[in-house]
Amino acid sequence: MQSGNQTFVTHFILVGLHHHPKLGVPLFLVFLAIYLLTISGNGLIILTILVDVRLHRPMYWFLCHLSFLDMTISCAIVPKMLAGFLLNSRAISFGGCVIQLFSFHFLGCTECFLYTLMAYDRFLAICKPLHYATIMTRSVCNCLALGTWLGGSLHSIFQTCFMFRLPFCGPNQVDYFFCDIPAMLRLACADTVINELVTFVDIGFLALTCFVLILTSYGYIVAAILRIRSADGRRNAFSTCAAHLTVVIVYYVPCTFIYLRPGSQEPLDGVVAVFYTVITPLLNPIIYTLRNKEMKSALWRLGGRREVQPH
């Protein structure tokens, strides 16, 4: 598309992960296996929670949302990556790039809000056990879960509109494996200082606020757990919270590295982004399954087998 003497980009080329041509098929097989395991692992958690009435509680309702988010993030990013490995199909339309960027930030921000909500749920369950059932009713849980999705959509609409108000008239090779803000800003044909500042402040404010709320919740939780006299009670409480804290750390470390640090190291950014978008959705169901006795028991029941109790 042309306007006067200026040419505007109608599609982008996702350069993706730098690899030797002969590695295309092996990389395709590796990432396909990760993708299928991610979908099946998170799908199994959702199925288990929906089928097992013992898990029809706020904590597992929010975990169900988290698993759905992990599945959706993988579906938004990985199929295009797989096509690039196998078919060398790297082109993405301008509209497709907009949708991919919107989807990634919508789902990622919703996940950030959801982690905060899950920490608040654990705070109420452990620190306010007598009031928990009256506060976290089904309608309240539904409203809170809906709020995370609405918050994520508003954040993503703002980021996407602010990103694509910039003109793209020069090179169209995105040195990344999907359309994301840092890589797209390098292709804009205008001054991007304001965009970089707004991105840093917006994402930084949301991430920092959620992280502080999570830390505050767990500060109260740890203090309450230490007051529990029963060793088994303390162990069960720590086991339940450890899984959530682990996935929060796995989420925040790469997020901070990509968006909230000065400067850019493109090869390293790509490696961290792969972990953030491909590996993390695979790890979450593993972490929650291994660290949560109720989930393990429910999976045994779903398979029609009795859990073997250790002696």
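Placed from the backbone N, Cα and C atoms, the Cβ positions cover glycine too.
Under the heading transmembrane segment, TrEMBL lists 27-53 (among others).
Residues or ranges marked as domain 'G-protein coupled receptors family 1 profile' in TrEMBL: 41-288.
For 60-79 (among others), the entry in TrEMBL reads transmembrane segment. Same-chain residues lying 6+ beyond the ends of the transmembrane segment (60-79) with a Cβ under 8 Å from its Cβ atoms: 31, 34-35, 38-39, 42-43, 45-46, 49-50, 100, 103-104, 107-108, 110-111, 114-115, 117-118, 121, 141, 145, 148, 177-178, 247, 277-278, 280-281, 284-285, 288, 294.
What TrEMBL lists as transmembrane segment is 91-118 (among others).
Taken from TrEMBL, the feature transmembrane segment covers 139-158 (among others).
The transmembrane segment annotation in TrEMBL covers 203-226 (among others).
Taken from TrEMBL, the feature transmembrane segment applies to 238-259 (among others).
Using a Cβ-Cβ cut-off under 8 Å and counting only residues 6 or more beyond its ends in the same chain, the transmembrane segment (271-290) has close neighbours at 17, 31, 34-35, 37-38, 41-42, 44-45, 63, 66-67, 70-71, 73-74, 77-78, 81, 104, 176-178, 180, 243, 246-247, 250-251, 254-255, 257-258, 296, 299. Sequence annotations record features per position, and here TrEMBL assigns transmembrane segment to 271-290 (among others).
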Is the count of Cβ pairs under 8 Å between the transmembrane segment (238-259) and the transmembrane segment (27-53), pairs 6 or more apart in sequence, 3 or more? no
Residues sitting near the transmembrane segment (91-118): Cβ under 8 Å, six or more positions beyond its termini, same chain? 9-14, 59, 62-63, 65-66, 69-70, 72-73, 76-77, 80, 144-145, 147-149, 151-153, 155-157, 159-160, 163-164, 168, 174, 178-181, 184, 206-207, 210, 213-214, 244, 247-248, 251, 255, 277
Averaged over the domain 'G-protein coupled receptors family 1 profile' (41-288), what pLDDT does the prediction give? 87
Beyond the flanks of the transmembrane segment (203-226) by 6 or more, those residues with Cβ under 8 Å of it: 109, 112-113, 115-116, 119-120, 122-123, 126-127, 155, 159, 234, 237-238, 241, 245, 248, 252, 255-256, 259-260
